[in-house]
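The structure appears below as structure tokens.
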Amino acid sequence: MTESHPVLTMTGIDKSFPGVRALQDVDLRLFPGEVHALMGENGAGKSTLIKVLTGVYGIDGGTITLRGAPVSFTGPMQASAAGVSTVYQEVNLCANLSVAENIFIGREPRRFGAVRWRDIRRRSRELLARLDLDIDVNAPLGSCSLAVQQMVAIARAIDVQASVLVLDEPTSSLDAGEVAQLFRIMRQLRDSGIAILFVTHFLDQVYAVSDRITVLRNGRLVGEYPTTELPQLSLVEKMIGKELDVLERLDEQTGRDAAAARRDTVFVEAREVGRKGSVAPFTLTIHAGEVVGLAGLLGSGRTEVARLLFGADRADHGAVSVDGEPIALRHPVTAIDHGIGFCSENRRAEGLVPELTVRENIILAMQAARGWFRPIPRRRQEELAERYVKALSIRPADPNIPVANLSGGNQQKVLLARWLITEPRLLILDEPTRGIDIGAKTEIQKLVVQLSDGGMAVLFISAELDEVLRLSHRIAVMRDREMVTQLTNDDSVDADRIMQTIAGGARPDEGARTDERAEV
Amino acid sequence: MSERTSSETATVDPRAGGLGRFQAVTAHRLFWPVVVLVALVVANTIYRPGFLSIQVRQGHLYGSLIDIIRLSAPLILVALGMTLVISTGGIDLSVGSVCAISGAIACLYISKQPDQNGMAGVLTALALAFGASLVLGAWNGVLVAVIGIQPIIATLILMVAGRGVAQLITEGQIITINSGPYKAIGVGHLLTLPLAIFIALAGVLLVAAVTRRTALGMIIEAVGGNARASRLAGIRSARVTLLVYVISAACAAIAGFMMTANVSSADGNSAGLWVELDAILAVVIGGTSLVGGRFSLGGTILGALLIQTLTTTVYAMNIAPQTALLFKAIVVIIVCLIQAPAFRARLRRRRRRPGTPPAAVVADAPKEQVPA
Amino acid sequence: MTTISLRAVPGWARLPRRHLPVLTTLVLLLILYGVGVSQYRAFSNIQVVFNVFIDNGFLLVVAVGMTFVILTGGIDLSVGSVVAMTAMVSASLLQHGLPAALVLVIALLIGPLLGFGMGCVIQFFEIQPFIVTLAGMFFARGMCTFISKSSISITDGFWTAMSQKRIGDPRGNFVSISVLIAFAVVLVAAYVLAYTRLGRNVYAVGGNGQSALLMGLPVARTRIAVYTISGLCSAIGGILLSFYTLSGAPLIAVGMELDVIAAVVIGGTVLTGGSGYIFGTVLGVLVLGVIQTLITFDGTLNSWWTRIVIGGLLFAFILLQRLIGIRYK
Amino acid sequence: ACGNSDTGGKSDGDKKIVLGFSQVGAESGWRTANTTSIKDAAAAAGIELKFDDAQQKQENQIKAIRSYIQQKVDVIAFSPVVESGWDTVLKEAKDANIPVILTDRAVDSQDKSLYKTFLGSDFIKEGKAAGDWVVQNTKDATGQVNIVQLEGTTGSAPANDRTKGFAEAIAANPKLKIIASQSGDFKREGGKQVMEQFLKANPKIDVLFAQNDDMGLGALEAIQAAGKVPGKDIKIVTVDAVHDGMQALADGKFNFIAECNPLLGPQLMDLVKKVHNGEEVPQRIETIETTFTQDKAKEALPGRKY
Ligand SMILES: Nc1ncnc2c1ncn2[C@@H]1O[C@H](COP(=O)(O)OP(=O)(O)OP(=O)(O)O)[C@@H](O)[C@H]1O
Ligand SMILES: Nc1ncnc2c1ncn2[C@@H]1O[C@H](COP(=O)(O)OP(=O)(O)OP(=O)(O)O)[C@@H](O)[C@H]1O
Ligand SMILES: [Mg+2]
Ligand SMILES: [Mg+2]
């Protein structure tokens, strides 16, 4: 396979942003019929390399050749016309358009210049069926969950007659089933001779699907390796640039000792809280120092549960009490006042203020809680920002640049820092590790453990079941917008059991179900 | 990972060497508006050499420059409020009408006084008018923040109806008053300088203190930058939005006092007519983005001075006011163009690498900021 | 392998939600009309409706152009001035004895050209549309007075014919040719938005310009196109206005941009872009027209009350629209 | 074609006459006085008035006239915002057999049959009257007499005609020279700002001609601020004679005002009745106007209605 000529070569690529050398003398080769993983820590320059390739950014130096001919795209339009089809990190679709239109816009089937809506709808349904997705293609994309949006973006990309398919973290919001589905299709495409460039932070995914790996570090090329010749540990070492025993340490931490959590003090109690059209009424108790995991498929309503508990959405049913006192949750402010923090899964739309600096983004929640006429002194701001930039190794380590200039993973860390400095008593983390590199992910996991040991309660939402299992004392399982069960994370609970509950194929019998509820 | 090729390789071209400082100055956001302002003054001086001269008449400083600063005082005030509104991502078209209403109320009240020079009467009039304006601001704020009407439309309502209200108050007449204390707001003097300048200055300092000495400024910028995120961070954005519209109306009210005091009469139909456009222009020339987010008070003041200088120039050069719009269009476009990063990036490319096809440059310019 | 099946809302239930703003406007418009009919004798006359179209034909055309711009999330403040400039240029050229056909061509070129220029500045130099078109507005208005300080009458035969031709039924009800032209513009625009790539790209750019760019859509071309279209519509509107008044006056159509924006917004188009329909814009223009007709029929309001009532009705309308919209959300 | 009996309004003679009146707007005190006069006169004459305010937009006026035709009023009267562009709608009125009366400002229609009559002031005459006063009162001047002029809204009929009339009158004395002329838009604010510039650019100004009182009043402030005495150092001549202007004249700050009478109401109602009854009326009727010196102003002031 590798004997053939590369379909795409990038050599000596240089790219700077004001204040940052994002890429420095980077090479990349893509061969037809291979899945090529692009690996690197947050901010290593992966997304930038991809955007440089498709002409979103111009390059400062270097050459790109596609099928032997030098190219220099002025924008994604040209790139896709030349057969480079891309799914960018962070879903980049139009929320106001329908699902079907998002798939076909720009290359709508037409007759006499008129767009053929019927064809678009039919073909979209077919395409989504290939991804095992059964949704209303007329629905506006904005009403779909992030995961569905991600799948739609993928559907759009794989429909193009492309010779190069670029997928920048396509799996970050997908669950295991969808990932498998995506991989099946990626293999199909690979076998038909397409070159696929694949970015992910999940190491096992890399080994499951890729043929070759290119590693970037700090905007420089570390090397290109066949997947089979690069063991997982050395891959990580190459990514982070020093030897580390992260992986072993990760494995140690399976399962939390449920008894260790202080289960005597109930912090938040939600009784039959629900909201029509979003989540069926659920009852959930969270104790101080306890980590409660929320498991479920995408769209199962985990985010909704979190939003209701935080007052981001208003419940139309049930009551929430904190420390035994009922509270009226009409606005996030109430929740924050009672010591609840919420890290949204959608950092771009609901998390960061792109124009403000890293520092300002970090202190935002704390400042809001103090009220605007009691400003946090500048010195204290700097101090806090610097501490957390260091603690979470946010890069670049300059708290005074606009947060928009940070890479995706580093933005996530900023968001986390915002809530950590408010020292909440309950921290709701919705997909805090999405799009975060392996090193940082471990850091965050360790942090969760540390926080809960220190008495902070955590509601932890993650698409990665492993992670949920590893960190939670208790796991609530969601299915079809209903909290179907709550399990204490003891030895009897494992991924299989949760998967079964989630899938609903093996519905827990009624007896067991009431038992579990009663146990709460 | 500490070794990082970061901020050392800043924007400044290393080849520039000693020119670095100069470039840093020209790169400043407000460099070009200042240049245009100076150019206007120079043009005026060439046209009429006496333009810069300042004499002392009746114990006051007297001259075109003084006039410009005095006349720009109301615009500065209106633009101040507008800056805050715009930085939350809104816009306030009703400021002109609020000027008219506040002026009308004050003048009407004073005209009904037996002794128009009485300080108590004047103060009551000001308080009444100011209070009414706060109500109007709150009305705008409620429409935008609570009911959720798009700002341009919400304030359009008051823009249309407010003129009617102002005329209703004056019954379509021009109310002329003869009140020394009130007149002083527009044409009085303090320490040989027009009082209006001090009022505007006080307004600027107050707004600056309220926004920059407290966290209000940052919170406004956060709401303008990302309203949803701000809400989730615990900011009561509705309150902030409401507040900025109230501040805007308050500023407009004081500007209305100045405008009416300047001619000692209230004209519901024409007081503050189209001042909203000038104010918006001032804000934008000052570098605050219309989509919300970061704001710059200093820039706004500069913008207001620039616009007033332009107006005065037009009168001074005897250009017909309507045709003068051509002139204004050109100056505005020039200022905005040379300030635009994309335009500068283009020029820079041109200079550095003549012959590069411009298309490649477009993609390089920082677009609406691509996170990740 | 799990199949994701999200509980879908049935198709019929989903439909009204997207069309809700437009439907609300329609209902409110009918109510407004009903009020007129019940209050004033002559209001029920069909010619009243025709007059609303005759009197607002140019506004409708300009609003159609504005709809394109607002759908991309932009705004075009220059429309009123461009309308005036087009009328002025036509009047002035006709006065100089140029043939009508040539004048039409020239007049119809100026608007799109200015629009194209503004579009380029907005796209390539990334200056906010509000400012660029505000400068365009000043420019065009300045040109008007530059051409002539006072109004110029049009005596040309073609213009007079277009102005005075009545197309109607034997009972004396009629519409003007301008109305037909306006309808044609509306139909073409509705087709373009719904069934052409350009139209769909307009929605995409308005939904999320950055995404549209990354999806490989011709964002620059689209953005420039909408300002050009708006310029063209303003030019057509200017021609219609010159038919309407048979003259060009430097201060005509002052503040028209605000009426147009109000009409588009009342029609349910969102100012941030990405959502709205031409049909809504038609309704929006009708709402403004009917409000004004109501006020003239009343005939007792003095100047300031007229303004207050227009403002009040605008408020009531937007509030109702908003409340109904919220209720259904 | 308009014979639908049930909607018609002009069948019996004893029914109230319905007059549709479209006003320019409410842009000045003069205009408001004009409106009030018309409303009061209509009420007094037992005429039903349908009033519409066009807010200075010709489009609105055309719409209003169409609506009057639709409502089948008996007579239409209006003060046109601009001179041109009325033929189409006036034709419609003519076809509907509704007589039209123009007030205050004229239209430039070639077809004089489109309207019955014009009632208003002669702006040229007003400009002339002002000019004549200046000529009279500068007879003894030795050197050149420097005049500055504050024009009205650019392109408007009053501004054009007053400029013309004034220029004609002062041509009588070659020593009179207009050294600066700029539009102050008929507003006080405008008058003040322009005058400030005039004062800075021209060290010696003898006479100011402001084309309405409001601009004159604005200029007054500028003159005082420059340390000069209005009425003495700079003679001020204006047009209109609204109350504030008359006051200034009586106080000796103005020197002369040529009246422009807004109180057209009674005259208009007379005309409406005549036109409605089919009587012949002259094509052009001028309002009764006078001029005021400082002494005359003092006498007239207590009895002025506006
Ligand atoms: N538009 C921009 N302006 C300025 N700096 C930027 C911009 N985009 C990216 N950078 C910087 O370039 C570097 C590389 O970012 P990039 O997004 O390519 O990282 P990444 O490898 O995709 O990381 P992640 O895994 O977190 O997505 C980072 O330091 C980032 O801060
Ligand atoms: N059938 C559907 N039709 C339209 N929208 C849907 C449907 N199902 C879910 N959604 C939308 O998708 C979103 C998914 O719900 P939610 O975010 O609660 O799921 P989640 O379990 O948190 O998923 P994720 O794994 O993406 O975090 C919701 O915002 C909801 O509005
Ligand atoms: Mg990335
Ligand atoms: Mg979620």
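Backbone N, Cα and C atoms are what each Cβ position is placed from, and that goes for glycine too.
Per TrEMBL, transmembrane segment is recorded for B:30-47, B:68-87, B:93-111, B:118-136, B:142-166, B:187-208, B:242-261, B:273-292, B:299-319, B:325-343.
Between the transmembrane segment (B:242-261) and the stretches B:93-111, B:273-292, B:325-343, it is B:93-111 that has the most C-beta pairs under 8 angstroms. Comparing B:30-47, B:68-87, B:93-111, B:142-166, B:273-292 for CB pairs under 8 angstroms to the transmembrane segment (B:187-208), the maximum falls on B:68-87. The stretch in B:30-47, B:68-87, B:142-166, B:299-319, B:325-343 that contributes the largest number of Cβ pairs under 8 Å to the transmembrane segment (B:273-292) is B:68-87. Listed by sequence, the residues of this chain that lie at least six past the ends of the transmembrane segment (B:142-166) yet keep a Cβ under 8 A from its Cβ atoms are 85, 89-94, 96-98, 100-101, 103-104, 136, 237-239, 241-242, 245, 266, 268-269, 271, 276. Long-range contacts of the transmembrane segment (B:93-111) within its own chain (CB-CB distance under 8 A, at least 6 residues past either end) are made by residues 74, 78, 81-82, 121-122, 124-126, 128-130, 132-133, 136-137, 140, 152, 155-163, 165-166, 169-170, 175-177, 179, 182, 248-249, 251-257, 259-260, 265-269, 271-276, 279. Counting residues 6+ beyond its ends, the transmembrane segment (B:299-319) has Cβ neighbours under 8 Å at 29-30, 33-34, 36-37, 40-41, 43-44, 47-48, 51, 64, 67-69, 71-72, 75-76, 79-80, 82-83, 204, 278-279, 281-288, 327-328, 331, 335 in the same chain.
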